[in-house]
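Presented below is the structure to which this report refers.
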Amino acid sequence: MPKFTARQNFPDYKSNGHKCMVGRHLTEDMYERLYELRTPNGVSIDKCIQPSVDNTGRIIGLVAGDPESYEVFKELFDAVINEKHGGFGPTDKHPPPDLNANALVGGQFDPKYVKSARIRTGRSVKGFCLPPSISRAERREVERIIVDALAGLEGDLAGVYYPLKKMTPEQEKQLIADHFLFQKPTGHLMVNSGAVRDWPDARGIWHNKDKTFLIWINEEDQVRIIAMQHGGDVKAVFERFSRGLTQIEGLMKKHGHEFAWSERLGYICTCPSNLGTGLRASVHLQLHKLSKHPKFEEIILAFHLQKRGTGGEHTEAVDDVYDISNRARLKKSEREFVQLLIDGVGKLIEYEKLLEAGKSIDDVLPASLKG
(Lines of atoms letter the chains of each structure in order from A; the text may use other names.)
(Lines give C-alpha, C1' and ligand atoms only; values in the text may rest on other atoms or scores of the structure.)
Protein backbone atom coordinates (compact mmCIF):
# COMPACT_ATOMS: atom_id res chain seq x y z
CA MET A 1 0.00 0.00 0.00
CA PRO A 2 1.53 3.37 -0.96
CA LYS A 3 2.57 5.78 1.79
CA PHE A 4 1.11 9.21 1.19
CA THR A 5 2.93 12.39 2.13
CA ALA A 6 1.72 14.97 4.63
CA ARG A 7 0.99 17.44 1.83
CA GLN A 8 -1.14 14.88 0.01
CA ASN A 9 -3.10 14.33 3.22
CA PHE A 10 -3.46 17.99 4.25
CA PRO A 11 -7.11 19.00 4.97
CA ASP A 12 -8.86 21.35 2.57
CA TYR A 13 -9.44 24.50 4.62
CA LYS A 14 -9.17 26.99 1.77
CA SER A 15 -12.56 26.19 0.25
CA ASN A 16 -14.38 27.20 3.46
CA GLY A 17 -12.48 30.41 4.16
CA HIS A 18 -10.59 29.18 7.23
CA LYS A 19 -13.57 29.81 9.52
CA CYS A 20 -12.22 27.73 12.41
CA MET A 21 -9.10 28.48 14.44
CA VAL A 22 -7.33 25.35 13.25
CA GLY A 23 -7.84 26.42 9.64
CA ARG A 24 -6.25 29.79 10.39
CA HIS A 25 -3.19 28.40 12.16
CA LEU A 26 -2.43 25.00 10.62
CA THR A 27 -0.26 25.54 7.55
CA GLU A 28 0.96 22.80 5.24
CA ASP A 29 4.48 23.26 6.62
CA MET A 30 3.30 22.91 10.22
CA TYR A 31 1.17 19.88 9.33
CA GLU A 32 4.21 18.28 7.69
CA ARG A 33 6.24 18.79 10.88
CA LEU A 34 3.52 17.23 13.05
CA TYR A 35 2.32 14.54 10.63
CA GLU A 36 4.52 11.65 11.78
CA LEU A 37 4.50 12.53 15.48
CA ARG A 38 2.59 10.41 17.98
CA THR A 39 1.94 10.74 21.70
CA PRO A 40 2.94 7.82 23.96
CA ASN A 41 -0.67 6.63 23.58
CA GLY A 42 -0.52 6.73 19.79
CA VAL A 43 -2.56 9.91 19.27
CA SER A 44 -1.87 11.69 15.96
CA ILE A 45 -2.38 15.28 14.85
CA ASP A 46 -5.15 14.03 12.55
CA LYS A 47 -7.07 12.75 15.57
CA CYS A 48 -6.82 16.15 17.25
CA ILE A 49 -7.93 18.20 14.23
CA GLN A 50 -10.76 15.92 13.05
CA PRO A 51 -13.54 18.25 14.37
CA SER A 52 -12.18 21.04 12.16
CA VAL A 53 -12.25 18.78 9.11
CA ASP A 54 -15.78 17.48 9.62
CA ASN A 55 -17.27 20.81 10.69
CA THR A 56 -15.37 23.72 9.23
CA GLY A 57 -17.54 26.35 10.88
CA ARG A 58 -16.65 25.31 14.43
CA ILE A 59 -14.93 28.08 16.35
CA ILE A 60 -11.93 26.01 17.53
CA GLY A 61 -11.97 22.63 15.78
CA LEU A 62 -9.28 21.09 17.99
CA VAL A 63 -9.34 18.47 20.75
CA ALA A 64 -6.71 16.66 22.78
CA GLY A 65 -6.71 12.87 22.51
CA ASP A 66 -4.69 12.63 25.70
CA PRO A 67 -2.93 15.08 28.05
CA GLU A 68 0.33 14.58 26.15
CA SER A 69 -1.27 15.99 22.96
CA TYR A 70 -0.83 19.50 24.36
CA GLU A 71 2.95 18.97 24.45
CA VAL A 72 3.59 16.76 21.41
CA PHE A 73 1.52 19.02 19.12
CA LYS A 74 2.22 22.22 21.02
CA GLU A 75 3.06 24.17 17.85
CA LEU A 76 -0.62 24.06 16.85
CA PHE A 77 -2.18 23.89 20.31
CA ASP A 78 -0.20 26.91 21.54
CA ALA A 79 -1.31 29.01 18.56
CA VAL A 80 -4.97 28.10 19.10
CA ILE A 81 -4.74 28.58 22.89
CA ASN A 82 -3.17 32.00 22.38
CA GLU A 83 -6.04 33.11 20.13
CA LYS A 84 -8.85 31.51 22.12
CA HIS A 85 -7.71 32.88 25.47
CA GLY A 86 -6.86 36.37 24.27
CA GLY A 87 -3.10 36.14 24.57
CA PHE A 88 -1.36 33.22 26.29
CA GLY A 89 2.17 32.72 25.00
CA PRO A 90 4.59 29.81 25.36
CA THR A 91 6.16 31.32 28.48
CA ASP A 92 2.89 32.26 30.21
CA LYS A 93 1.71 30.15 33.15
CA HIS A 94 -1.72 29.59 34.62
CA PRO A 95 -1.89 30.48 38.36
CA PRO A 96 -2.32 27.82 41.06
CA PRO A 97 -5.86 26.87 42.17
CA ASP A 98 -7.72 29.15 44.60
CA LEU A 99 -11.00 27.77 45.96
CA ASN A 100 -11.30 30.14 48.93
CA ALA A 101 -14.98 31.12 48.98
CA ASN A 102 -14.47 33.18 52.14
CA ALA A 103 -12.30 35.61 50.18
CA LEU A 104 -15.16 36.54 47.84
CA VAL A 105 -16.60 40.04 48.14
CA GLY A 106 -20.38 40.16 47.76
CA GLY A 107 -22.14 37.47 45.80
CA GLN A 108 -25.57 37.47 47.42
CA PHE A 109 -28.10 38.95 45.00
CA ASP A 110 -31.79 39.77 45.05
CA PRO A 111 -33.69 36.74 43.65
CA LYS A 112 -35.88 39.22 41.80
CA TYR A 113 -32.97 39.47 39.36
CA VAL A 114 -30.77 36.40 39.92
CA LYS A 115 -33.03 33.37 39.57
CA SER A 116 -30.36 30.71 40.03
CA ALA A 117 -26.60 30.20 40.17
CA ARG A 118 -24.42 27.40 38.81
CA ILE A 119 -20.68 26.70 38.85
CA ARG A 120 -19.09 23.84 36.94
CA THR A 121 -15.66 22.62 35.99
CA GLY A 122 -14.11 19.82 33.95
CA ARG A 123 -11.44 17.40 35.12
CA SER A 124 -9.45 14.49 33.71
CA VAL A 125 -7.91 11.62 35.65
CA LYS A 126 -4.12 11.55 35.35
CA GLY A 127 -2.74 8.59 33.43
CA PHE A 128 -5.68 8.04 31.07
CA CYS A 129 -6.50 9.08 27.52
CA LEU A 130 -9.13 11.78 27.09
CA PRO A 131 -12.63 10.98 25.66
CA PRO A 132 -11.70 11.30 21.94
CA SER A 133 -9.12 8.48 22.28
CA ILE A 134 -10.02 6.62 25.45
CA SER A 135 -10.53 2.85 25.26
CA ARG A 136 -13.54 1.07 26.73
CA ALA A 137 -11.36 -0.43 29.48
CA GLU A 138 -9.88 2.97 30.37
CA ARG A 139 -13.30 4.62 30.41
CA ARG A 140 -14.67 1.97 32.75
CA GLU A 141 -11.67 2.40 35.05
CA VAL A 142 -12.18 6.18 35.12
CA GLU A 143 -15.81 5.56 36.09
CA ARG A 144 -14.74 3.22 38.88
CA ILE A 145 -12.16 5.67 40.25
CA ILE A 146 -14.61 8.57 40.36
CA VAL A 147 -17.54 6.56 41.74
CA ASP A 148 -15.31 5.11 44.49
CA ALA A 149 -14.28 8.64 45.47
CA LEU A 150 -17.87 9.93 45.43
CA ALA A 151 -18.91 7.11 47.76
CA GLY A 152 -16.75 8.72 50.44
CA LEU A 153 -18.61 12.04 50.45
CA GLU A 154 -20.58 12.71 53.62
CA GLY A 155 -23.17 15.09 55.04
CA ASP A 156 -24.88 17.42 52.58
CA LEU A 157 -22.57 16.18 49.79
CA ALA A 158 -23.48 12.48 50.11
CA GLY A 159 -25.42 11.15 47.15
CA VAL A 160 -26.24 8.38 44.67
CA TYR A 161 -24.71 7.35 41.32
CA TYR A 162 -26.96 6.53 38.35
CA PRO A 163 -25.16 4.65 35.53
CA LEU A 164 -26.85 5.40 32.21
CA LYS A 165 -26.85 1.70 31.24
CA LYS A 166 -28.64 0.57 34.41
CA MET A 167 -31.06 3.45 34.87
CA THR A 168 -34.70 2.51 35.46
CA PRO A 169 -37.46 4.30 33.49
CA GLU A 170 -38.54 6.01 36.73
CA GLN A 171 -35.02 7.28 37.45
CA GLU A 172 -34.64 8.48 33.88
CA LYS A 173 -37.97 10.32 34.02
CA GLN A 174 -37.00 12.05 37.28
CA LEU A 175 -33.55 13.08 36.05
CA ILE A 176 -35.09 14.52 32.88
CA ALA A 177 -37.60 16.45 35.00
CA ASP A 178 -34.71 17.80 37.09
CA HIS A 179 -32.85 18.81 33.88
CA PHE A 180 -29.89 16.69 35.06
CA LEU A 181 -29.81 13.92 32.49
CA PHE A 182 -27.36 14.28 29.63
CA GLN A 183 -28.42 12.41 26.50
CA LYS A 184 -26.14 10.98 23.84
CA PRO A 185 -24.46 14.13 22.49
CA THR A 186 -25.13 15.19 18.91
CA GLY A 187 -22.83 18.23 18.86
CA HIS A 188 -20.02 18.39 16.33
CA LEU A 189 -17.18 18.41 18.88
CA MET A 190 -18.31 15.22 20.59
CA VAL A 191 -19.38 13.32 17.48
CA ASN A 192 -16.52 14.31 15.16
CA SER A 193 -13.85 13.75 17.80
CA GLY A 194 -15.05 10.24 18.59
CA ALA A 195 -15.93 11.09 22.18
CA VAL A 196 -19.38 9.45 21.93
CA ARG A 197 -18.05 5.99 21.03
CA ASP A 198 -19.58 3.06 22.94
CA TRP A 199 -22.42 5.18 24.31
CA PRO A 200 -23.70 4.80 27.04
CA ASP A 201 -20.97 2.48 28.36
CA ALA A 202 -19.36 3.76 31.59
CA ARG A 203 -21.32 7.02 31.57
CA GLY A 204 -23.43 8.20 34.46
CA ILE A 205 -24.76 10.94 36.71
CA TRP A 206 -24.31 11.39 40.44
CA HIS A 207 -26.08 13.91 42.66
CA ASN A 208 -26.54 14.66 46.34
CA LYS A 209 -29.85 14.44 48.19
CA ASP A 210 -30.65 18.14 47.81
CA LYS A 211 -29.75 18.08 44.09
CA THR A 212 -27.35 20.97 44.58
CA PHE A 213 -24.13 19.05 43.83
CA LEU A 214 -23.89 17.03 40.62
CA ILE A 215 -21.25 14.96 38.81
CA TRP A 216 -21.26 13.89 35.17
CA ILE A 217 -18.93 11.01 34.32
CA ASN A 218 -17.43 10.43 30.85
CA GLU A 219 -19.25 13.01 28.77
CA GLU A 220 -17.15 15.70 26.95
CA ASP A 221 -14.69 15.49 29.84
CA GLN A 222 -14.07 12.51 32.07
CA VAL A 223 -15.52 14.42 35.01
CA ARG A 224 -17.83 17.43 35.20
CA ILE A 225 -18.33 18.79 38.72
CA ILE A 226 -21.35 21.07 39.16
CA ALA A 227 -22.81 23.02 42.08
CA MET A 228 -26.06 24.94 41.75
CA GLN A 229 -29.11 26.25 43.53
CA HIS A 230 -32.12 28.51 43.04
CA GLY A 231 -31.88 32.13 44.10
CA GLY A 232 -29.06 34.65 44.09
CA ASP A 233 -26.50 33.28 46.55
CA VAL A 234 -23.50 32.80 44.26
CA LYS A 235 -21.13 32.68 47.24
CA ALA A 236 -22.95 29.69 48.75
CA VAL A 237 -22.75 27.84 45.43
CA PHE A 238 -18.99 28.47 45.18
CA GLU A 239 -18.52 27.34 48.78
CA ARG A 240 -20.28 24.03 48.07
CA PHE A 241 -18.45 23.64 44.76
CA SER A 242 -15.06 24.22 46.40
CA ARG A 243 -15.77 21.95 49.34
CA GLY A 244 -17.01 19.13 47.13
CA LEU A 245 -14.15 19.41 44.66
CA THR A 246 -11.56 19.47 47.45
CA GLN A 247 -13.07 16.41 49.11
CA ILE A 248 -13.22 14.47 45.83
CA GLU A 249 -9.55 15.24 45.15
CA GLY A 250 -8.62 14.11 48.66
CA LEU A 251 -10.58 10.87 48.36
CA MET A 252 -8.97 10.13 45.00
CA LYS A 253 -5.47 10.70 46.40
CA LYS A 254 -6.14 8.16 49.16
CA HIS A 255 -6.37 5.55 46.39
CA GLY A 256 -3.36 6.84 44.44
CA HIS A 257 -5.17 8.92 41.82
CA GLU A 258 -5.26 12.61 40.95
CA PHE A 259 -6.53 15.00 38.30
CA ALA A 260 -4.31 15.81 35.32
CA TRP A 261 -2.54 19.14 35.86
CA SER A 262 -0.02 21.09 33.78
CA GLU A 263 2.27 23.63 35.43
CA ARG A 264 1.73 25.91 32.42
CA LEU A 265 -1.84 25.16 31.27
CA GLY A 266 -3.55 24.28 34.55
CA TYR A 267 -6.14 21.50 34.60
CA ILE A 268 -6.25 19.46 31.41
CA CYS A 269 -9.55 19.07 29.54
CA THR A 270 -10.58 17.72 26.13
CA CYS A 271 -11.17 21.12 24.50
CA PRO A 272 -8.51 23.87 24.72
CA SER A 273 -11.29 26.31 25.63
CA ASN A 274 -11.58 24.67 29.07
CA LEU A 275 -7.91 24.67 30.03
CA GLY A 276 -6.80 26.37 33.23
CA THR A 277 -9.67 26.29 35.68
CA GLY A 278 -12.21 24.65 33.39
CA LEU A 279 -14.59 26.81 35.38
CA ARG A 280 -17.82 28.34 34.17
CA ALA A 281 -19.63 30.35 36.84
CA SER A 282 -23.08 31.42 35.67
CA VAL A 283 -26.35 32.92 36.80
CA HIS A 284 -29.82 33.10 35.32
CA LEU A 285 -30.33 36.87 35.32
CA GLN A 286 -33.61 38.60 34.49
CA LEU A 287 -33.11 41.95 32.78
CA HIS A 288 -36.39 43.26 31.39
CA LYS A 289 -35.06 46.77 30.74
CA LEU A 290 -31.32 46.39 30.15
CA SER A 291 -31.84 43.65 27.57
CA LYS A 292 -33.61 46.24 25.39
CA HIS A 293 -30.73 48.74 25.62
CA PRO A 294 -28.89 49.23 22.28
CA LYS A 295 -25.52 48.58 23.96
CA PHE A 296 -26.60 45.46 25.87
CA GLU A 297 -24.20 43.15 24.03
CA GLU A 298 -21.31 45.60 24.42
CA ILE A 299 -22.02 46.02 28.13
CA ILE A 300 -21.82 42.26 28.68
CA LEU A 301 -18.48 42.10 26.86
CA ALA A 302 -17.10 45.12 28.74
CA PHE A 303 -17.33 43.15 31.99
CA HIS A 304 -15.62 40.10 30.39
CA LEU A 305 -18.84 38.13 30.56
CA GLN A 306 -20.68 35.89 28.12
CA LYS A 307 -24.41 35.84 27.36
CA ARG A 308 -26.49 32.81 26.40
CA GLY A 309 -30.20 32.11 26.21
CA THR A 310 -32.21 30.75 29.13
CA GLY A 311 -31.59 27.15 28.05
CA GLY A 312 -27.88 27.67 27.42
CA GLU A 313 -25.88 27.79 24.20
CA HIS A 314 -27.86 28.28 20.96
CA THR A 315 -31.14 29.04 22.77
CA GLU A 316 -33.28 32.16 23.10
CA ALA A 317 -33.96 34.10 26.30
CA VAL A 318 -37.36 33.37 27.85
CA ASP A 319 -39.00 36.30 29.68
CA ASP A 320 -35.71 38.23 29.44
CA VAL A 321 -33.83 35.65 31.54
CA TYR A 322 -30.24 35.27 30.32
CA ASP A 323 -27.49 32.84 31.21
CA ILE A 324 -24.57 35.13 32.14
CA SER A 325 -21.11 33.69 32.83
CA ASN A 326 -17.39 34.38 32.80
CA ARG A 327 -15.96 34.27 29.26
CA ALA A 328 -12.45 33.01 30.05
CA ARG A 329 -11.19 29.88 31.83
CA LEU A 330 -7.42 30.50 31.73
CA LYS A 331 -5.01 33.04 33.30
CA LYS A 332 -7.01 33.62 36.50
CA SER A 333 -7.87 31.42 39.49
CA GLU A 334 -11.27 29.94 40.24
CA ARG A 335 -11.97 32.55 42.91
CA GLU A 336 -10.96 35.38 40.59
CA PHE A 337 -13.36 34.20 37.87
CA VAL A 338 -16.24 33.91 40.34
CA GLN A 339 -15.42 37.39 41.67
CA LEU A 340 -15.41 38.70 38.11
CA LEU A 341 -18.90 37.28 37.62
CA ILE A 342 -20.12 38.74 40.92
CA ASP A 343 -18.75 42.20 40.10
CA GLY A 344 -20.18 42.16 36.58
CA VAL A 345 -23.61 40.91 37.62
CA GLY A 346 -23.70 43.58 40.32
CA LYS A 347 -23.19 46.24 37.66
CA LEU A 348 -25.83 44.76 35.36
CA ILE A 349 -28.37 44.81 38.19
CA GLU A 350 -27.38 48.39 39.02
CA TYR A 351 -28.08 49.40 35.41
CA GLU A 352 -31.37 47.49 35.40
CA LYS A 353 -32.55 49.34 38.51
CA LEU A 354 -31.69 52.72 36.98
CA LEU A 355 -33.65 51.87 33.85
CA GLU A 356 -36.58 50.64 35.96
CA ALA A 357 -36.60 54.08 37.62
CA GLY A 358 -36.75 55.74 34.21
CA LYS A 359 -33.18 57.03 34.39
CA SER A 360 -30.39 56.94 31.80
CA ILE A 361 -27.37 54.70 32.27
CA ASP A 362 -25.18 56.42 29.68
CA ASP A 363 -23.13 58.32 32.29
CA VAL A 364 -22.36 55.24 34.41
CA LEU A 365 -21.32 52.85 31.65
CA PRO A 366 -17.68 51.72 31.40
CA ALA A 367 -15.48 54.39 29.82
CA SER A 368 -15.03 52.30 26.67
CA LEU A 369 -18.78 52.50 25.98
CA LYS A 370 -19.36 56.18 26.59
CA GLY A 371 -19.96 58.54 23.73
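A Cβ is built for glycine as well, from the same backbone N, Cα and C atoms used for every other residue.
Annotated in Swiss-Prot:
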- 116-120, HIS179, ARG224, ARG280, 308-313, ASP323: ATP binding site (BINDING)
- 1-86: domain 'Phosphagen kinase N-terminal' (DOMAIN)
- 113-355: domain 'Phosphagen kinase C-terminal' (DOMAIN)
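Known features from Swiss-Prot, placed on the structure.
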| residue | record | DSSP class |
| --- | --- | --- |
| SER116 | ATP binding site | strand |
| ARG224 | ATP binding site | strand |
| ARG308 | ATP binding site | strand |
| ASP323 | ATP binding site | strand |
Restricting to the same chain and to sequence separations of six or more, state which residues have a Cβ under 8 Å from that of THR310 (ATP binding site).
HIS284, GLU316, ALA317, VAL318, ASP319, VAL321, TYR322, ASP323
Using a 10 angstroms cut-off on Cβ to Cβ distances, just flag whichever of ARG118, ARG120, ARG224, ARG308 is the loneliest among these binding-site residues.
ARG308
Run through the domain 'Phosphagen kinase N-terminal' (1-86) and tell me, per DSSP, how many residues are helix, strand and coil.
44 helix, 0 strand, 42 coil
Segment confidence, the domain 'Phosphagen kinase N-terminal' (1-86), expressed as mean pLDDT:
91
So how many other Cβ atoms are close to SER116 (ATP binding site), meaning within 10 Å of its Cβ?
19
All-chain count of other Cβ atoms within 10 Å of ASP323 (ATP binding site):
21
